[in-house]
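Down below is the structure, laid out as structure tokens.
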Amino acid sequence: MTTLISARSAEGGRVRLRTAWALRLWGGRVSVLVRPRALAVGLVLVAVSVAVVALSVSVGDYAIPLERVPGAMLGFGERLDVFFVQGVRLPRALTAVAVGASLGLAGAVFQSLSRNALGSPDIIGFTSGAATGAVAAILVFGAGRTVVSLGAIGAGLATAALVYLLAMKGGVQGYRLVLVGIGVSAVLGAVRDYLMTRADLTDAMGAQIWMIGSLNGRGWGEVAAVCAGLVVLGPLLVGLGRRLRYMELGEDTARGLGVPTQVTQVVALAAASALTGAAIAVAGPIGFVALAAPQLARRLARSGGTTLVLSGLMGAALLAVADLVAMRVLAPAQLPVGVVTAVIGGSYLLWLLYTEWRGNRA
Amino acid sequence: MRVSALAPPSPTRRVIRPVGLVVCLAVLGLCALLSVTVGAKPIAVADVWAALTDYRGTYDHDVIRTLRVPRTVLGVFVGAALGLAGALMQALTRNPLAEPGILGVNSGAAAAVVVAVFVFGAGGAALVWPAFAGAALAAVAVYALGSRGRSSATPVRLALAGTAVAAVLQGLVYGVIVLNDFVFDRIRFWQVGSLTGRDMEIFWQVAPFLVVGVMLTLSLGPSLNVVALGDELASTLGGRIGQVRVLSAVGVILLCGAATAAAGPIWFVGLVIPHLARLVTGPDQRWLLPYSAVLGAVLLTAADTVGRVVLPRSELEVGIITAFVGAPLFIALVRSRKMAKL
């Protein structure tokens, strides 16, 4: 059963009619608000992701025509096709999608919790800790990829826990959490700077590429790791979406509306950090996706608040496109995908802001 | 609740503010003195005085005149500039997380330095001008984008525009350095932020910008107090919001651009110092700005001095020490009392 809800909003002198359908299931026990524009944007983002994955699998030094791609995915066709698609290109493309979705979703949660457009997983120091752990693993211990990933996760979790503990004093306030996170991140950044300037140039370059974030040579193990995180934590976070929206109105208001704010905050922080952690362990701290995806999503959907699902889809599409570009733009030289997310994501956000602010909207 | 900067200060604060400023200045004097005397080779205060007034060309005198003094002078000015720029930036954007980097200053400087190294193989003092130009260009671009359309640059707009510009520039920097070892090698040292080996020549290059920036910024205090009330109330009270914002942005560009050009990106000072200063001054910009300048200078000179003696036979860059000294202090303050909000 659907109900039509309409709200009038006066904007720029015009009266615009906004519509949304409330979808009620099981006698109203579950109800979802569906806005046509958001739905359309979501479908477009899914289509873009699928198309880009197909394209990434098909292009390369060994080109596979698109019509041979579906067969090769399922293991039919020429042996070389199957090897490249199943063994190399498909896992990499899927890693991009899953990592992007994780980062976009986590970014939206962090921006919502901190009520700050600049809020990102960095604010609780997780990213900074992970980067420092990985750099130390690479430069001090000369570790391989698995150990680097584990080091990153361990250091990230330890840092997040430390920040949370240091910020705790009769409950954790968002503001204090953010400031403590900045302080701890600064120390970790200094440790990284120290290691980077004392290391051998080649090793330092390896560490630098890890810090930029790269999807080069990622396989099915990585896909499984990130997808496991998404499957478990994604629905949990989306389920918390409405509470988070209430909390954006202010903690007192949310409490008045019956939201258990402290619990919600801790659960959402932990889940979003774990998502980010899995993404970072697999691909390094790819910059800007967590920050830009939620902003892009809410602008495209013309939504007033944070949109978790769309942010995840936006992140997936963004990273899939970025990795395709990273592979091909200077081929045969390979760029780390973090270079491209920064340039593409940044330019796209610039263009969006440029056109949005051309009018007289404040 | 928001405490207005225009509200009369409490009696204790009225006494504490001027006294505290004098104390901070005294501490700064002490730090500067230590910075000149302490190092790999400790030099007595009397010799320092002799080197400045009665130069005899001894080894100690040369160390004082060509190494320690330039470094100390630069440290004081760079620290003051960063502290001021940070306070200005937080007032301008009304965002406690704002630091001068949000206007794209650091990423602009980094991108220009990368280009200078990549194209011309430049290094040392030759990087000062590209860094300053890059910082200024990036900041102007951010401000222009943020103030597009009919309304003036609002805080959220500046933050978003700055983030986007910084990301693009950062991406370009990464793109160049991963494909080029030589550029990466130069940049990894520039990126840390250091006063090592800076001479008076570098100071004189950036001094005009720093002096103009400091004077401009300190004169903005009263107008910033009005702007802090929010756009609508401020314009009702006759505050010229647009004008104040433009002047503040010019101040940030001059101060932070020059500081970054001279010492590399040291972002933590601009972020933290205003928070520390606000604990003493409250939200009144007329006091907050001078306090931020003095405390920034204290932090930077002290950190530079510590960096010289903490390791045997080698130095730690000032950018590393500011984080190690400043962050625990900052966290302790955040924990010990309710932070003064903006």
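Placement of Cβ uses the backbone N, Cα and C atoms for every residue, glycine included.
Caution: TrEMBL annotation is automatic and unverified by curators.
Listed features, source TrEMBL:
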- A:38-64: transmembrane segment (TRANSMEM)
- A:123-141: transmembrane segment (TRANSMEM)
- A:148-167: transmembrane segment (TRANSMEM)
- A:173-191: transmembrane segment (TRANSMEM)
- A:220-240: transmembrane segment (TRANSMEM)
- A:266-293: transmembrane segment (TRANSMEM)
- A:305-327: transmembrane segment (TRANSMEM)
- A:333-354: transmembrane segment (TRANSMEM)
Contact ranking winner - A:123-141, A:173-191, A:305-327 against the transmembrane segment (A:148-167), Cβ under 8 Å: A:123-141
Folded-back contacts onto the transmembrane segment (A:305-327), same chain, C-beta under 8 angstroms, at least six residues removed: 38, 41-42, 45-46, 48-49, 52-53, 55-56, 59-60, 92-93, 96-105, 107-109, 111-112, 215, 234, 237-238, 241, 244-245, 248, 286, 289-290, 292-294, 296-298, 334-337, 339-341, 344-345
Beyond the flanks of the transmembrane segment (A:220-240) by 6 or more, those residues with Cβ under 8 Å of it: 91, 94-95, 98-99, 101-102, 105, 109, 264, 267-268, 271-272, 274-275, 277-279, 281-283, 308-309, 312
Tertiary contacts of the transmembrane segment (A:38-64) (same chain, 6+ residues out, Cβ under 8 Å): 72-73, 80-81, 84-85, 89-90, 92-94, 96-97, 297, 300-301, 303, 307, 309-310, 313-314, 316-317, 320-321, 323-324, 327-328, 331-332
